[in-house]
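Q: A single structure is presented below for examination.
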Amino acid sequence: MYAYLGRVNEARIMLDSIGKLDVICCNAMIDGYMKFGDVGSARKLFDNMPDKNISSWNTMVSGFSNNEMIEEAKKYFDQMPKRDDVSWSAIIDGYNKGGHFKEALEVFHQMQGEEIKLNKFVLSSALNSCANVGALDQGKWIHAYIKRNRIVLDEVLGTSLVDMYAKCGRLDLSWDVFERMKHKEVFSWNAMIGGLAMHGRAEDAIELFLDMQRHEYKPNDITFVALLNACAHAGLVDKGLKYFLLIKETYNIEPTMEHYGCVVNLLGKAGYINEAEDVINSMPMKPNSVVWGALLGACRIHGNIELGEKVGEILLELEPENSIRYTLLSNIYAKAAKWDRVEKLRKLMKERGVKTMTDRSMIDLKGTVHEFKVGDSSHPQTEEIYRTLEMIIQKIKLKGHEADTSEVLFDISEEEKETSLKYHSEKIAIAFGILNTEPGTTIRVVKNLRVCEDCHSATKFISQVYKRDIIVRDRVRYHHFRNGKCSCKDFW
């Protein structure tokens, strides 16, 4: 009780008064230390315990994970003399929380190799990992395992499947699972509405929102975030503003910072930049970096250098170590050929020790996730992939593709700019997909950054030339490329 409430000193006095290190009491004490960030005391007590059980080890693994010390968590996990399903769940969850989804799947594969029966908690965690790296084949395997072992598809596991299929680009399968779920919660509806939103299916998301109410489910704040994002992706400004007003007027939910950020994004993307700025100035709370970031993104889309510079300075003060803010502002300057300002930003990053986020793309092939970085040469098939990429570039040029060098952040020749664009990670991943799959197979790529304008244009041409459906998920939304067109209608 004391440990749970954060009164760790009183808890320790209680533990010491027992006279011996009882394993159950020690586990409770370790959990308390870990929950409130005293990792050193937790480690010391664990080391001094004469007897340890699986729960002792699990508490340490979970504790390290929750304190963002995943390497320590894995070290203790590897040292465990015996593991149970809680142990595996703890380390997979730990990797997921830290954004290490590929590593989480590797642990899940290891677990499968040890022939341990998979419970719904482990499966839900693994589905989360699949969703975030686009591992559709592995996600399908988990779904088949659930059916084969007659595991009850409850609200949590069902929602995990809905989310996984939506994030892996299979809205049809996501919808099928959602429709078959006997018991749904609000978060189940939110997952499906959010999935439709990410894919630019705004009208379907709105219809599902109305259906949710017909089934007497009360929407919450997350429902409206999904709904506003759906309107933003489709440019439905009037509908988005209508739903924003409903949040408080009809549902008595106080709009959060995230809701205001969605409205700024909605207005800004559609070109209503002054109105977006007015929303920020009228907010009842101090705007955070996410809200300002939405406005900066709008300035990039519409080439508003003056406001972009002003917003960029605010963001660099709020988040001096966030490389994405520097990159976005640099893109605005590069588009306007303001190379002196690009160089000034680059020097500022160097002075502050800010490192740019590496451009990464992942593609799932037969249950294995392959990851590529910009200019990557580490893959065993590198030579073949690059030969394929060269051939792809030549073919789409013949069809009329011209490299868009407006976002290259260096004042170099056009030829050098084109060369730098050629080796972006999603192009490498797409070339890998074309090289290793049968003609007509859909290619699915997950990218950690926003798709640049040149890659977006090139992928449209690739889908046409190779007669492939290509689905690219970037950090903003999904892009479904088919026959030279994108589902975003070039509005992203």
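Cβ from N, Cα, C; glycine included.
The domain 'DYW' annotation in TrEMBL covers 400-492. Annotated repeat 'PPR' per TrEMBL: 22-56, 84-118, 154-184, 185-219, 322-356, in sequence order.
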Q: State the non-local partners of the repeat 'PPR' (185-219) in its own chain: residues 6+ outside its ends, Cβ under 8 Å from one of its Cβ atoms.
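A: Same-chain contacts beyond the ends: 155, 158-159, 162-163, 165-167, 169, 171, 174-175, 178, 226-227, 229-231, 233-234, 236, 239, 251, 473, 477-478, 480, 487-489.
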Q: DSSP helix, strand and coil counts for the repeat 'PPR' (322-356)?
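A: In the repeat 'PPR' (322-356), the DSSP-based counts are 27 helix, 0 strand, 8 coil.
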Q: For a three-state summary based on DSSP, what are the helix, strand and coil counts in the repeat 'PPR' (185-219)?
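A: Going through the repeat 'PPR' (185-219) residue by residue, I get 26 helix, 0 strand, 9 coil.
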Q: Take every residue in the repeat 'PPR' (154-184), average their pLDDT values, and give the whole-number result.
A: 95
